[in-house]
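Working notes, beginning with the structure itself.
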């Protein structure tokens with residue numbers, strides 16, 4: 001009797017009805033309690049729930065880290081083929097669901113192992129290959145669900161890793177419908193997830209927003225899912241938070257993509273902690289404390305930095321060599337630092353030995369000795385290391401003068417970051433590169449950006465400003481970026497987001513018109529394949545440049561932009577442009593107008609100057625502003641690219657302009673031809689043809 005009462009309470013709480021026989025039976029809700037014959041109701045609920053509050057029991061399907069209930073499908077649940085609502089694909093997403101249950105259970109276990117190993121190793125390729133080897137594409141939605149749900153209960157680093165892996169798997173391994181279904185299951189299970197993860201709404205909303213930004217989930221997903229969920233479910237809150245809190249925010253793509261990313265400050269902090277623990281170990285000799293500190297770092301994917309710093313310290317402090325090697329040996333034997341990280345640490349030493357030799361004259365001999373000792377002690381496989389006799393890519397880099405220039409370039413850049421004195425940089429480069437060698441210019445570009453990438457946004461902004469001020473030939477800048485991308489694999493060991501940083505620097509160079517858009521193809525031609533570092537950098541740079549308001553976003557990416565007020569809104573700039581043009585048109589000085597345009601510090605936005613000036617010329621039939629444009633173009637302040645954009649924007653607004661200026665189209669066509677004659681526009685400029693087409697259509 002007591003059992004029946006409890007069953008009735010559960011049924012009533014699930015249905016909101018006092019009569020258990022009135023519960024609606026739906027094929028979309030296989031967990032509903034159904035009555036078979038005259039016996040007691042058979043509970044098909046797939047998760048163990050407390051009779052008190054209905055929440056998952058910690059020892060059952062629910063509980064922290066287990067993601068039970070809606071997230072998991074318990075193999076003990078059996079569908080009844082005689083049920084009129086029976087759907088064979090309901091439970092496992094497979095036509096032969098009942099026969100596939102054992103396969104699905106095996107997939108769930110293997111998927112969990114893959115995710116755990118991925119979080120431990122940060123190896124995207126390995127996780128991808130392992131998922132491919134499972135060869136069960138119809139269950140991949142569960143992998144999406146498992147990956148995200150496990151990441152939700154971990155640190156930001158694992159959340160970022162999960163987002164990166166999803167993007168890598170999308171289309172190639174997991175098709176779009178499976179990704180869609182995986183996120184649908186997550187949203188449906190938000191009410192259960194929040195039991196163990198109090199901030200589920202915000203975290204899951206951010207995962208969904210990130211998936212939309214990464215183009216692996218369509219924006220329509222949000223509205224479609226909201227329509228399928230009860231109004232009071234947490235899933236609705238998740239979707240509303242994703243849409244209004246993240247996707248509707250200004251510059252949402254940049255904010256979302258950088259939310260979980262390991263910041264430079266964090267990487268620098270980890271490096272500092274590694275350095276401190278090694279110094280303390282050398283002083284105290286306490287291995288247990290050193291091991292505890294290494295474990296507390298919780299960065300197994302970054303243990304190669306421990307190996308590298310320990311080797312450098314052993315080379316600098318010869319008396320501590322045996323103690324440091326002993327630490328690495330035992331860490332390797334106990335599995336604290338795996339063999340892959342040991343090899344990577346030694347490889348990094350080999351890559352930087354040339355620079356180390358400048359401070360440690362016998363660095364090569366010492367490193368060979370360290371490799372020999374580690375190999376003989378059995379904790380290093382020498383055959384897996386890179387060749388020690390490194391051949392420089394270019395003969396020029398072997399030149400002592402060039403090596404000296406690299407060192408002086410580093411000093412010049414470091415001093416610039418302290419003082420911000422661009423004129424001093426000019427003087428130093430002229431003194432060191434008297435022949436204006438293109439190779440040396442490229443080396444300076446590489447050194448400037450490399451040093452900036454390892455610092456904060458302030459230095460990145462300063463580097464971009466300096467690059468646009470140096471006026472190096474575009475070919476030299478292209479070669480500098482090629483050299484940067486060639487060394488990106490090594491840079492990535494210190495800078496996990498090197499691809500994103502290089503792409504942003506490359507896109508910023510285009511926005512600042514240091515490079516032309518066609519130079520991107522020149523950079524990309526050096527690196528075949530979209531999977532290469534160069535291919536990824538090029539693809540990301542193009543994506544950044546194609547985005548809406550890309551110029552404004554890219555110019556503000558590091559909080560600068562060259563103006564004295566980096567926080568200027570676009571509307572403020574438009575207002576200032578309108579004011580300076582009005583002042584000049586009413587009798588102002590052309591030099592003052594030119595100075596005001598230049599002081600805006602927004603070369604990417606000069607098309608607004610062109611547009612406003614052309615509209616005023618056509619409205620007032622006064623060509624005084626045409627003269628200002630001619631002066632700006634002749635001095636190089638306004639480029640052909642900005643002229644083209646400006647004329648294009650005028651063409652787009654001709655319908656509205658014609659309401660106040662009836663002959664606007666006729667005037668515009670005349671000015672287009674005049675601009676082509678003076679060289680402002682390329683002869684292939686096609687807007688005149690499109691306008692003629694519109695006029696002809698209007699006449700008909």
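The backbone N, Cα and C atoms fix where each Cβ goes, glycine too.
Curation plays no part in TrEMBL annotations; they are all automatic predictions.
According to TrEMBL, the region 'Disordered' annotation covers 1-101. Per TrEMBL, the feature compositional bias 'Polar residues' maps to 24-35. Summarising the annotation, TrEMBL assigns compositional bias 'Basic and acidic residues' to 43-56. According to TrEMBL, the feature compositional bias 'Gly residues' maps to 59-68. Residues or ranges marked as domain 'MI' in TrEMBL: 106-227, 269-390, 404-525, 572-691.
For the domain 'MI' (106-227), the most Cβ-contacting stretch among 269-390, 404-525, 572-691 is 269-390 (pairs under 8 Å). Secondary structure of the domain 'MI' (269-390), assigned with DSSP and counted as helix (H, G, I), strand (E, B) and coil, comes to 98 helix, 0 strand, 24 coil.
Remark: secondary structure over the domain 'MI' (572-691) totals 94 helix, 0 strand, 26 coil, with classes taken from DSSP. Within the domain 'MI' (106-227), the DSSP-based counts of helix, strand and coil residues read 99 helix, 2 strand, 21 coil.
Secondary structure of the domain 'MI' (404-525) per DSSP, as helix, strand and coil residue counts: 98 helix, 0 strand, 24 coil.
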